[in-house]
Every structure is written in C-alpha cells, then in structure tokens.
Amino acid sequence: MGDVEKGKKIFVQKCAQCHTVEKGGKHKTGPNLHGLFGRKTGQAPGFSYTDANKNKGITWGEETLMEYLENPKKYIPGTKMIFAGIKKKGEREDLIAYLKKATNE
C-alpha cells in the first residue's frame, strides 16, 4: 500500500482545511474522520450529511476510498464534498495509508 508520511503531506495540503482525524476532533466543513474504516457512509455522529451520503450504504475501506477519492461527486452524486478528487493512484494510496493509521490512533 502507500507511504504514510507522503499521505500525511497530501492530507495537510488537500484535506485538513475541511477534515480532522484525531479522536474527539471537531467537525469542520467536513466530518471528523476518526474511526472511518469500517464505518458506513454518512455516520459520523453530530455531522449533518446529505441524503446521498446517508443512503449510499457502503462501508469505508481501502477499495471504497480509492474509488471515492478519485472522483467524489461521481461516486456519491449529491455529496456536499467540494473536492475534484485525486487522479493519481499513488497519491490516493499514500493518503489512504495515512488515513488508515491516523483515524485509528
């Protein structure tokens, strides 16, 4: 899988403006991502999701995140995440490696 340190840099550049990862972290424009792996879409307590996110019904894991992060609006039409996606597979792998570690600490 990807490189955790490279993934952290990608998170800081592309995700941290809207998301936190630490346990008990606050929601920003996007939800706190702690405990993301193994959780269904639209389930972070206290965050106001669109129906599209709540109704997608998939469980977040490496494969689902690879697809989602490539093109969020294609994967979940109606999501309010304003992010074009990460086209480079290696960058997505690095980000997912970081998320897997950081959202589980």
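Each Cβ is built from the backbone N, Cα and C atoms, and glycine gets one as well.
Swiss-Prot records phosphotyrosine for one of TYR49, TYR68, namely TYR49. Ranking the modified residues TYR49, LYS56, TYR98 by Cα distance from MET81 (heme c binding site) puts TYR49 first. In this structure the alpha carbons, written CA, of LYS56 (N6-succinyllysine) and TYR49 (phosphotyrosine) are 11 Å apart.
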